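Here TrEMBL flags 14-52, 91-129, 168-206, 207-245, 246-284, 285-322, 328-366, 367-405, 406-444, 523-559 as repeat 'HEAT'.
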Amino acid sequence: MAASEQAGDDSLYPIAVLIDELRNEDVQLRLNSIKKLSTIALALGVERTRKELIPFLTDTIYDEDEVLLALAEQLGSFTPLVGGNEHVHCLLPPLESLATVEETVVRDKAVDSLRIIAAQHSASDLETHFIPLVKRLAAGDWFTSRTSSCGLFSVCYPRASSSVKAELRQHFRNLCGDDTPMVRRAAAGKLGEFAKVVEPEYLKSDLIPLFTALSSDEQDSVRLLAVEACSNMASLLEPDDIEQLIMPTLREAAHDKSWRVRYMVADKFNELQKAVGPELTKNDLVPAFQSLLKDCEAEVRAASAHKVKDFCQNLPADSREQIIMSNILPCVKDLVSDGNQHVKSAMASVIMGLSPILGKDGTIEHLLPLFLTQLKDECPEVRLNIISNLDCVNEVIGIKQLSQSLLPAIVELAEDTKWRVRLAIIEYMPLLAGQLGQEFFDEKLNTLCMTWLVDHVYAIREAATLNLKKLVEKFDEDWAQKTVIPKITQMATDQNYLHRMTCLFCFNVLSQVCSEELVSKMMLPTIVAMANDAVANVRFNVAKTLQILIPKLDQSVIQIKVKPCLEKLKTDQDNDVQFYALEALDVTDKWSVYFRTTNGINRNDPRVHYGISRIEKTVASWRRHGLDFAVPKTK
């Protein structure tokens, strides 16, 4: 008897712990408890979960929003834990309560879970349990329940009987005419989804009038959501019906007094274009699109500009070029010089895509002048959008025409008197290199990149060194060996000590992307020779550069070439040179410890442990500064 009582107490323990934690004052503890619901349910078994856990959760839905959100999410995957599909209806009470709470994210998550478990109901259970829930929510006193119900009609309507379907359509009709704007907004947002599951005859008789009413609602937040339903409903109708039932509303929306409604039309324009078909596009949507491109609100113009390329591609082939030339291109020309930078940037992101549509002659005559204008725009994002899409134009007009038209403008910007403009062009060079190819780059732009290394502004010289690293990554090491490193080496004897220092900076970054052999043969001799420079700043940068190169070099090279150079710099008259030379020698010694360690020296030796730990700290320091070297193999 005592044993059975003990067993009963043990079986009650999980639910007791849950209850205690759910009532705890600590929100995090309650949240953790909710996230463990599936574990608790497994411990209880399916029958006790249905009879004890679910009723308990239903009765205690009064908590912080984050706890309720976690609960709503958990219940969506609870079907196996309550005994499968035949018992799934027992999850409806807590979710129904959650669908009526004040916090929107909790309601939305509860609706998502309800939509998931709706599909798990049998047809009879759907009409017995789920659809009555939808009706209760739709007729609830609080707007929160009515807004939640709007998202449930489309999941239960297809499997309902004819008489129940009629009731559901009536309930949805009531929601579309609700006194509360939030409910009408929710209904408008789900109208297109509901239209997809309603029979064609009821689509025209029941839903189209609702669509028309919502599209002329006094609240613009309702009207803009009705626009979203437009493409869904148009895709379900014949062209004649679209012209008669949809287009009048769409024309009004494109000229709506609220910019937010017009913005929504612009944002959904490509979907609308595909839904209404080519003939209606040509007759109705082209004038509407022109109007949106010329809209008084910058947000609407920007949204429309983003759609220009796709809109032109989807135009009827027989009249595409004529429509673009007569209707779209004049608007595009205005947007290129728009007063708002977001509009110009949006236009720059798609304008290059018009080249394949207009062909070579049309691009040269009409688009190239616009590209040149945007290349010289003061907004960096506009210039970047043009440069990043040059390959579209290159494929149409060819590299020769491109070099004659756009590249002079790029070169002009690269030599601009304002250093920030030059800096922006440097950042685009790797992108240009990838699009134009190595041969063309060497012919037209390589000299420009090397010129930046001797710019009088330090920020330009620094950016130019990083630019070279990216170019080597793009083109490969052979290109660096033949084209870049010889020119950098010449800077080592330049009269200006700043240029000699730039030479060292270049070797610093290029060593990260070049092989050990190239570093040893082409970079190291120049760096060692510069240890005799007359300027102390150059000499201590030699020490710093050698310290960075150590992980890339073979141990024998370090001992024969690097260490003697550093020993000499250690005795330099300048204190800074001495400091950096000693620091580099310290790294050299640590690296030597590593090599001896890997060649069989006792790893348990405290001195070895100390050396390895110092090496690890040094390498970590290099990596924090962007120098991510792999440890070289021992010889």
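Cβ from N, Cα, C; glycine included.
Each residue in the repeat 'HEAT' (168-206) has a pLDDT score, and their mean in this model is 90. With a cut-off of 8 Å between Cβ atoms, the residues of this chain six or more beyond the repeat 'HEAT' (285-322) that come close are 250-251, 254-255, 259, 262-263, 265-267, 269-270, 272-274, 276, 278-279, 328, 331-332, 334-335, 338, 340, 342-343, 345-347, 349-351, 353-354, 357-358, 362.
Remark: secondary structure over the repeat 'HEAT' (246-284) totals 33 helix, 0 strand, 6 coil, with classes taken from DSSP.
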